[in-house]
């Protein structure tokens, strides 16, 4: 159980990341990803990267700069503008459904207007899932301009869409719906200089 702990990425490093050791058996027609991050970077950085052998940006939660988030599905992306928060951690969730292509995005528990992306697409398996680096190929080829520096915690992924009330539950690490993986039962391997700290 990781509640009360965070991954600390203490410096900009191309060789530091957290590998999520989850086994996904089935391709995804729906997903939701949530996490909390805390950084003072103003340059682009990668938070959550899900790559397959065919598509390095199968799912990517990316922060191009303060007050902006990008969600990639199958190599295409949407931009969400959010308030620039000062010296605070930020909790974000993004969900996508194949049947409509509708993407929902929540910032600190508040829903943003829905947008559409990649209707009819299927997210493939097997996946390489990393925190803190943007994979440009399966499990590697990191961009040296994009490593994350700061703290990441409360990482969850579901194979379905979730409601705003469930997003708020996940913010406090009390999700009602069982995730594929989550912070209360998080399968991970640290590579390079990343620390698990209270």
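Cβ atoms are placed via backbone N, Cα and C, with glycine included.
Quick look at what TrEMBL lists:
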DOMAIN    3-198  domain 'Pentraxin (PTX)'
DISULFID  34-93  disulfide bond
Just counting, how many other CB atoms are there within 10 A of the CB of residue 93 (disulfide bond)? 25
Run through the Cβ atoms and count how many others sit within 10 Å of the one on residue 34 (disulfide bond). 27
